[in-house]
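J.: Can you read through this structure? Questions will come right after.
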Ligand code: NA
Ligand code: NA
């Protein structure tokens, strides 16, 4: 069981590493927007490429943080009923949710998304605007990377749920389910 | 000898065909005058001509595929068909832009002549087949306008620093003459123009432009649309799906498209006149580009075309084909048609 | 009722499966994607659906979410709101407003409503304004012992005004789909939008005067203790006022589009925080993390929702809905009523873009031809009036559970421990107010049309 928990932590490492760094893209995005506005209004320079760069940066920002947000518990949940459930029951539900919903959805996105990026790469796809950015496959690749990171976070959570439900008190106590349980107990 | 007696009536060709139910994703809303209505109409025409045995279910843009994703979706076979214009796929195949409209390019009759009899069609189909798509030119619209300007343009130097929303090859030309083409989201054009965030915006032909209401925020309207003298619209079909059709079904779709081209053109030509008077009545000054400005823009376009041809072999091939056709066609055009100046 | 086959029921079965699962406590984004995949798989296995069609889910995430330029405004407004909150600027502003209005019952809630109207004039992106107001105002309101339902209802309702008050992406899309002038529709939406804001404020004032404990007033002595010098007022009001002027000024001065103005606002908030000496490394880290996690939460929802609505359309949901409306509508008023009811009900599950795509292209010609016998003049104004009715109706879609995006945005940005049931209870009276506004507009079309008459 301790091994599963270790695997879960290893899977989470790149998710957290990339997510916490990608978060700073918001500052770069802000700088690019201000630069673009300044350039257009006061220096009147065409900026299709900057304007495209803006949504590229925004896309990378949220895509690369999808998995990290799962680890940090940022994704919205409706907890009207589940608040009253035992921690074990919630762990079971999370296990089922990862198995039936999250991981299959991520898997399908990766399968079809792989084709999607491959097409873009093979035909050297560029912006539909002749004055725009080239190498469209990069941002499309980031999309797939983001989904893959979400998949890693989901797998880690899946493993943690197994550890929590079947492990010894000691290993179970190290999972996020135990941590969440402590938060709820302290609240009530 | 005697023919064997038979009680079976010979089958109508359409009864021998397997019925087809396809999804068609449009890049334009069905309510958009000419550009969108042509797409909706051709699906209805195919449905009725086939005795309701070919059903291309028309989906509004975004319901299935976001507009710019239609190409990939048809190529991959996620949906069977799409309604669009080839200019949208510049990022996939720069050469396809030449099958949509060409700056300082041919008007409708010449464009069709090149496509049908000057080698255009073979090139078009070959490029699309590379992407597992069968493309059919299926609609044609009259010249577009050059768009809405907040200030008057008196010489080519007025383009210097002009913030203009412009899409496609024309944008590249404007960049050459010093303008700053902008990529403003469709939903923000009106306000950007109203508040002066941009100085000008191209949109479409007068009948469509009038409905957009841009005459409320920019009072100078420029014609002719040098960047778009006629526009081809296309029905794109997944190549495997197309090959699965019987020859009868294929020619039926082609015939429906031919009819659609005729109707798009006649409707398009007829609808502009009323729109022009409405635009004038709304207090807009309608300008005609001076020959000097057009000359400068055309020179810039020739540079752009050469650069694009240098970058992309397929573009070069199509461009050479079109140029060669136009060169020989000129001998007829110059003598066969009354010049405007003669009639004026 | 005509015979309904299982295939025709499939799209509606999606809701039946979705709704209980939403209450499982699993992330909503994952449930949406998972249910979409489940129904798609059933269709592939049993109804001959084309297996390649899932490709479009990826296409939709890229073409409909990642590459949408206007969505760039969301992280930027979230950044701006978070920066104002973490640097204490928002807190000082609201505290000052609280003191200035301490004689007015519910003064803070009324100030927040006004803040919603101001934000509405900068953007039409609901995610941005609801999240920003939640981050800035909700903690302060709760600290001042405001009732949770009143606080959340006020923020959610006034935060969604942005979709109605121009500039609004929704109005532009509707104008495009209906073939009417954007300018005319902008003008037509102003009075109804302000009317709703007025209704909210009247309700808040009335509610608080009847039940003062919902919005405790500062005791007289406390207010005197903290009596405000003009210097204090200036210090707390000036920075946010300047920021609002910069954002609005960059839009109306023709310097930036509303999308770009969000970036200008974010930069402005950063500079303000620096000037006030609050821009520490820890604050910056905090702001950047909150912005990233909140954006990931919002866009996670988009990524799930785009799959759900796609599969709904694949299964023929749109066609069934259109058939139902056509079957139920009798006469002009009948069709109008059917459309309004359908829009309202769809709003429980879909967002505005899906609903407008289902209804407007198909019914635009029908509506243009409807005759409201002297109630509104025939022709173009009917469409403008109809668009405004749709717009007010669609604003409720953000608020109605189980699937109100504004509610999720708020839950995602609210302090831990605020339950969704508080939010559900909070928005209930405001949804009723919206419906009251809708009926008012049905009865008096001139409320929407008189400004357009001057313009046209
Ligand atoms: Na707005
Ligand atoms: Na809703």
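Yeah, the Cβs are placed from backbone N, Cα and C, and that goes for glycine too.
Unlike curated records, TrEMBL annotations are generated automatically.
So TrEMBL has the following annotated:
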type	residues	note
TRANSMEM	C:12-41	transmembrane segment
DOMAIN	C:16-446	domain 'TRAP C4-dicarboxylate transport system permease DctM subunit'
TRANSMEM	C:61-84	transmembrane segment
TRANSMEM	C:105-138	transmembrane segment
TRANSMEM	C:150-173	transmembrane segment
TRANSMEM	C:185-206	transmembrane segment
TRANSMEM	C:242-275	transmembrane segment
TRANSMEM	C:296-318	transmembrane segment
TRANSMEM	C:330-350	transmembrane segment
TRANSMEM	C:357-378	transmembrane segment
TRANSMEM	C:384-410	transmembrane segment
TRANSMEM	C:422-444	transmembrane segment
J.: Verify whether three or more Cβ pairs under 8 angstroms connect the transmembrane segment (C:185-206) with the transmembrane segment (C:105-138), leaving out any pair fewer than 6 apart in sequence.
T.: yes
J.: Residues sitting near the transmembrane segment (C:12-41): Cβ under 8 Å, six or more positions beyond its termini, same chain?
T.: 49, 53-54, 57, 297, 300-301, 303-305, 307-308, 310-312, 314-315, 317, 320, 349, 402-403, 408
J.: Could you tell me what the rest of the chain brings near the transmembrane segment (C:357-378), counting residues at least six beyond its ends with Cβ under 8 Å?
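T.: Hits for the transmembrane segment (C:357-378): 174, 177-179, 318, 321-322, 325, 332-333, 335-336, 339, 342-343, 346, 350, 385-386, 390, 445, 449.
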J.: Which bits of the chain, at least 6 residues beyond where the transmembrane segment (C:150-173) starts or stops, bring a Cβ under 8 A of a Cβ in it?
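T.: Apart from its flanks, the transmembrane segment (C:150-173) reaches 70, 106, 109, 112-113, 115-117, 119-126, 128-130, 132-134, 137-138, 141-142, 182, 185-186, 189-190, 192-194, 196-197, 200, 204, 207-208, 214-215, 251, 258, 352-353, 356, 387, 391-392, 394-395, 398-399, 406-407, 410, 414, 418, 422-423, 425-430, 433-434.
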J.: By Cβ distance under 8 Å, which residues at least 6 away from the ends of the transmembrane segment (C:242-275) in the same chain are close to it?
T.: 69-70, 72-74, 76-77, 79-80, 83-84, 86-87, 89, 118, 121-125, 128, 167, 283
J.: Using a Cβ cut-off of under 8 Å, list the residues of the same chain at least 6 residues beyond the transmembrane segment (C:61-84) that approach it.
T.: 90, 93, 123, 125, 127-129, 131-133, 135-136, 169, 240, 243, 258-259, 261-263, 265-266, 268-270, 272-273, 283, 286-287, 290-292, 294-295, 298-299, 302-303, 306, 413
